[in-house]
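Going by TrEMBL, these are the annotated features:
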- His89: heme b binding site (BINDING)
- Tyr101: ubiquinone binding site (BINDING)
- 54-74: transmembrane segment (TRANSMEM)
- 110-130: transmembrane segment (TRANSMEM)
Amino acid sequence: MMMSRLTAPRRMMMQTRGFRQGKTLKFTENKQHHGVEAVLYADNSKPMMLVGKIASAGILGLIPVALALSPSALNTPVDYALGVLIPVHAHVSMNAVLSDYIPKVHQLPFRLSALAGSAAFFLGLLVVNVNGVGITESVKTIWREAPKKEAH
């Protein structure tokens, strides 16, 4: 019996494991975490994944604004917003990397380390914003020429 080209993929699809209904089960639908577990397992929590996507979009929009406004007083709230959004984005993304590359039984210490690193990252950016010139001006100094020193 000959299969037509239209029915062959359908039969193949029905025999493939996990694709019986035509849609895959998302990783975030496996187990739901709330509270502290949602932060610790940020890649497996729908609210934290949403926060991560909002942080990504916020960073995408705020970086050009920060570069355009700097060095003015209007840039201060933008620097503080970046100081929150960048560590949140980094935390959610690092948890996704950890779940991909670390075996499940060994993930907890790495996730705790990622949480500590994200907290340190946040505090470091806060110090740069409060005591320094701000995130944007700190990055802009990389692109500026160093002042020429006179030879004595």
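In case you wondered, yes, glycine gets a Cβ from its N, Cα and C as well.
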Original post:
Non-local Cβ contacts of the residue listed as 'ubiquinone binding site' (under 8 Å, 6 or more apart, same chain)?
Top reply: none
Subject >> In the chain carrying the residue listed as 'heme b binding site', residues 6 or more apart in sequence that have Cβ under 8 angstroms from it >> reply: Gly52, Ala55, Ser56, Ile59
